[in-house]
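Participant: The structure follows.
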Amino acid sequence: MAEETAAAETAMSAEASMAAELVAAGTAEGKSAALIKEGLQSKHKAERKALRKDGNDALSGLKGDERKRVEVENNKKKEEQAEKHGAEMAALEAALEAAASAEGENGDGEQLAAGTSMAVPKQNQVTRAQKRREKKKEQEKLAKERFAERKAQAGPSRRDREMETISAKLLGKGFALKEVEADGHCLYRAVADQLIQKKQTSVGESKEPHKLLRTMCAQYMRTHRPLFEPFIALDDEGGEQGAHSFEEYLDTVQNSAEWGGQLELRALAGALQTPIEVYAADGPMVIMGEDFTGEPLRVSFHQHFLTLGEHYNSVQPSSAIAEADNF
């Protein structure tokens, strides 16, 4: 969490610095606030166009699972770009406000506030440029503060609220979240982490335990076909996960990076002969394989952890967090 906060602060600092530089350069050229914003909007438009072209080029000639994987990557890049563009524009607006406030005392902020262009007399350019250099750090600081205020006013994100709710539920039982890599293997990684915590040697000794669990999951579904096949949507167009048949679906489960869900969790509980507790923000804890006995495995289900969809994390004792903090 500390690393995420540091990364967010670094990103905010970079955006604020970029915005302050745009304002300083634009003002030196006699540009209004509106023209400075138009410049950033044009830059964003060109970046979106370039990303679309790169995405289309990457998809060229691809089919099936590989095409689907690249489409997911393209969508993720688009959402990341949209988030970055939004943050840059917010930082620029904050920097424009900060510049107008800082220079308003001397009347220099009228040009930015009014949104009109005003040519700067040549004899004043050196003095004004020097003033801007002296005030650059102050403007960056003000821009960061304005940007932080806007972000705070927006309130916590859906992801943050969901994380807080799940964490509170787990804390009441003496547990805490343990994040796993956010990829198509996240469900299997979360279950693998649970088995490793419980010192299941067959999984712990594997170099890629998530792939071992994918194989176990597919094999269990194959040998218990009547329990799973009715719940998998298949049709002539490829159906769920692009599969035309139950066997093709199982091949996807075993050999791809396709996301797993409730059916796969049920299959894993059966294959491991162990109950699996699933914690989510919007409902009570659910047990997969409740007919089995023994210490359950525990995972958390997140609808808003990723911009593109669902995610599973592992769970660990709260004491493990405390021990790590004291290490």
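Every residue gets a Cβ built from N, Cα and C, even glycine.
Values in this document were obtained by computation on a predicted structure and should not be read as measured data.
For reference, TrEMBL lists these features for the protein:
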type: COMPBIAS; residues: 63-87; note: compositional bias 'Basic and acidic residues'
type: COMPBIAS; residues: 88-104; note: compositional bias 'Low complexity'
type: COMPBIAS; residues: 136-162; note: compositional bias 'Basic and acidic residues'
type: DOMAIN; residues: 175-318; note: domain 'OTU'
type: REGION; residues: 40-162; note: region 'Disordered'
Participant: Treating G and I as helix alongside H, and B as strand alongside E, what does DSSP give for the compositional bias 'Basic and acidic residues' (63-87) in helix, strand and coil?
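Facilitator: DSSP classes over the compositional bias 'Basic and acidic residues' (63-87) add up to 24 helix, 0 strand, 1 coil.
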Participant: When DSSP states are grouped into helix, strand and coil, how many residues of the domain 'OTU' (175-318) land in each?
Facilitator: 63 helix, 30 strand, 51 coil
